[in-house]
Amino acid sequence: MLKDLNKVRNIGIMAHIDAGKTTTTERILFYTGINRKVGETHDGGATTDWMEQEKERGITITSAAVTCFWDNNQVNIIDTPGHVDFTVEVERSLRVLDGAVAVFDGKEGVEPQSEQVWRQATKYDVPRICFVNKMDKLGADFYFTVGTIEDRLGAKPLVMQLPIGAEDNFDGVIDLLEMKALTWRGVTPIGTEATVEEIPAELADRAAEYREKLLETVAESDEELMEKYFGGEELSIAEIKAAIRKMVVNSEIYPVYCGTAYKNKGIQPLLDAVVDFLPSPLDLGETKGTDVKDPEKVLTRKPSDEEPLSALAFKIAAHPFFGKLTFVRLYSGKVEPGEQVLNSTKNKKERIGKLFQMHANKENPVEVAHAGNIYAFIGLKDTTTGDTLCDANAPIILESMDFPDPVIQVAIEPKTKSDQEKLGVAIQKLAEEDPTFTVHLDDESGQTVIGGMGELHLDVLVDRMKREFKVEANIGDPQVAYRETIRKPVESLSYTHKKQTGGSGQFAKVIITIEPYAPEADELEEGESAIYKFENAVTGGRVPREYIPSVDAGIQDAMQYGFLAGYPLVNVKATLEDGAYHDVDSSEMAFKLAGSQAFKEAVAKAKPVLLEPIMSVEITTPEEYMGEVIGDVNSRRGQIASMDDRAGAKLVKAKVPLSQMFGYVGDLRSKTQGRANYSMVFDSYAEVPANVAADVIAERNGTAS
């Protein structure tokens, strides 16, 4: 564990699925001495892919944290998933990183998920270097890939190396800093060092051209260097590196390297670049947070052991022996096992049991956790993703993370009673780990409904329930939660509930008026509902005071099952105007039944209509797919609200019925070759068009043809 923070790098490896980032990580681990045997994703042996599902699918689902060393520097690596369904893993790892390596496929260039991950990294202002991988692949084109970084990402790539050959003839790279060739000729077993050679004659002119571009970029970044360079003086390697580092830390440029991780070519220079150009915790300076008592007041913490403790929990993972592992980025201060800390987000004290640095799913115990590093804590009971841990005497709340709401939901039903109990435990554990996994009980269907970021996301979660928690369950389709309301008032409807069966009977008479009700939020008194209001207008004691709440309760009961299709009624105001009672036969139950029946009869005359949930949808798409995307939204009964530019793409905002959004994830991907993504949140309820309502009602009532 290094205490010199200048020599610490907290980095992520990010890319589109199949660009080779896990293989790149495996090679880094080998060259830094962590792995004696290298793992491959295609045979299920990769160190960072340690979940059963990852080994089977050959993709990275959870971001595993690994610590390694290179050239006397400590590198903490987070390997992030490239599949869009696991966007939460990318989001939370980027939040705690200081820098990242973006891996691109040398043939495909910038791919859809590369765009999305790049946007996420830009959101958190994470400095990046680029690695063009798979240069040995048929059709690999380094210059095309660099062009896509500029065009698709709107980024400024700084070419640091040129490839020597391509496809089967990829033999190495030209280092544009040292102006030397680094070659790995032929079959290169893992661990093969590069041979340093002169630049091949046929590439000398191109190398000189790109070296000139590099030096011009460096010179333009600094007035002193500009005078020196354009005055004909030579810039030293140290000056060039310092200028590049400064621009990288400020996210002004993105150095580009190349190689083939699988064939063991180009990894060592990439590691040198991580150390040379990506920032240390000290480069990024103070971390900002807010005062617990005054959210408007900004507090800062320097990356130092001497500062009060401030840390962010960015991931929860289940561990077979220790229970819950909480992955934490320590921004300031230090902490030891057994110490008590404050979870300022929840205002709860937590005691730290053990401290580990992780190597994928292996734990290395540490005695002290230092500022600027990433650790796994054991023993935290109440802490969840996004919570701040701090010194109780100097409380602070760090900026948390934004997690998108689930975009797909399915009903899940345990097969047996014993599965029912295990399902509850499984859901609780998985929800702790994953903020984008939601669960709720559908009051109308009685089903447990789980939500996530896509079909693969839910597949993996259901698979984990089976494997880890031994839960057998049936997965179904959820129903849209429709509602009903009324469109016209019905005045003074009289209903008498009368029952005589010997002895004391039942008697209650009510006269009610119902009307549509949709108040603005600022019109509501504290505790009032926006979807129902009851008013008592009875005078002269014609309905005794003690029976008034029973009428209200009866109406609320009746509202649970609407007139058209049995969906709950909303946005109704009911007024009790008059009534009558009997000294002996009236009771709370009689008035409750009278209120309920009167309301049902009134609703039947009040022009009842069906309402459906409308979602506010945001779609980010490359401009060339705008026509397809908008046409598709319109075909789903959607209404376009706005279209704006965003980070080299277009942002479409629309209102679309939820019933039309099932299967959208797949449709959007296929229409845009996977290059668009979307999020949606509930917006409001709106009336269902008559022709659609007729079908919904018929299906609900079992009369569909």
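In case you wondered, yes, glycine gets a Cβ from its N, Cα and C as well.
Given the structure is predicted, the values throughout are model-derived calculations rather than measurements.
The GTP binding site feature in Swiss-Prot is assigned to 15-22, 79-83, 133-136.
For 6-282, the entry in Swiss-Prot reads domain 'tr-type G'.
In the three-state DSSP scheme, Ala15 (GTP binding site) falls into the strand class. Confidence for the domain 'tr-type G' (6-282), expressed as mean pLDDT, is 83. Take the CB of Ala15 (GTP binding site) and look out to 10 A: across all protein chains shown you find 29 other CB atoms.
For Met135 (GTP binding site), the same-chain residues lying six or more positions away in sequence with a CB closer than 8 A to its CB are Gly106, Phe142, Pro163, Ala166, Phe170, Cys258, Gly259, Thr260, Lys265, Gly266.
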